[in-house]
Amino acid sequence: MGSTEDLDYPQTILQYSSGFLVSKVMFTASELGVFDLLLESGEPLSSDAIAARLGTSTTGMERLLDACVGLKLLAVELTKEGALYRNTEISNIYLTKSSPKSQYHIMMYYSNTVYLCWHYLADAVREGRNQYERVFGISSEDPFGAMYRSEEEMLKFMAGQNSVWSICGRDVLAAFDLSPFRQICDLGGGGGALARECVSLYPNSTVTIYDLPKVVQVAKEQFIPPEEHRITFHEGDFFNNSIPEAELYILSKILHDWDDDNCRQLLAKVYKACKPGGGVLLVESLLNEDKSGPLETQLYSMNMLVQTEGKERTAAEYSKLLEAAGFGEVQVKRTGKLYDAVLGRK
């Protein structure tokens, strides 16, 4: 091993150690409204002007802006009057609230909820269970009862998931040709962003969002316009209530919330309700078969440890769960993006 390689290791460890600083800089700039202000202003602004309009200290804002420049979230121009800051293209598209592809809501959920759970990661590893009790003083026995502990928290989670599907939804829905399926049920469909992508991509299909009554109520009020007649709702708990008949069931980021026993129980119910010739589409972030990566999926699996009862799995593990429930002809498509698709047929 050469000396240059040896010198790289301390640098890598330092970068890993400070990785959380990067996310908090982005989260804080978003929360304070930096990117929204610069978009609305239509022109570059000084750190003093930004601080004054957002009600922050001048010294704190200048350091935050410079860090955002380092992360390529902002660009800076040095003029005779001083430094002027503006958004980069990536910030305009993904970090401003008004953008159709805005990731603001998922970032706020990570910053204000997920981040707190990760503080107790060592405890989660020791105990093998989620950390809602330590963080929020709520029983960890019912993960979604804890996640939906208030209407505000539920709304944040739903809006955050909608943010994800605004940039990932079409990739997973186009991984297979789903046009033969006219009657689709989106189990745990939440705020309906994936359902909206589905009816946009497959206009001859209808989608029923199946979710808890309080989730359905918020989805109707906040996310799905009443004129969208191709999307309907069914209230229920898919573990304890019946599942409506459909040709295709979409389970997007559902199985990763649960242990194998619960997954088998749910898939058996889906198989029973599924029309002959129908199928089930799993949308998940797939681990490599040797679990060596991708890094994002490995980190998601750690997040499942601190927040849920589940884990991320390999394509073979999902295929095994599907086959145990009776589904066959299992196909796997890796999208090259954050989420992949697995299709099983009845």
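We number each residue from 1, going along the chain as drawn.
Just so it is clear, glycine is given a Cβ too, placed from its N, Cα and C backbone atoms.
According to TrEMBL:
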DOMAIN    14-96  domain 'O-methyltransferase dimerisation'
DOMAIN    118-327  domain 'O-methyltransferase C-terminal'
ACT_SITE  HIS256  active site, proton acceptor
Seminar exercise, completed: Within 10 A of the CB of HIS256 (active site, proton acceptor), the number of other CB atoms across every chain shown is 23
For this session: Mind tallying the domain 'O-methyltransferase dimerisation' (14-96) by DSSP state, helix then strand then coil?
Result: 53 helix, 13 strand, 17 coil
Seminar exercise, completed: Taken over the domain 'O-methyltransferase C-terminal' (118-327), the predicted model's pLDDT averages 96
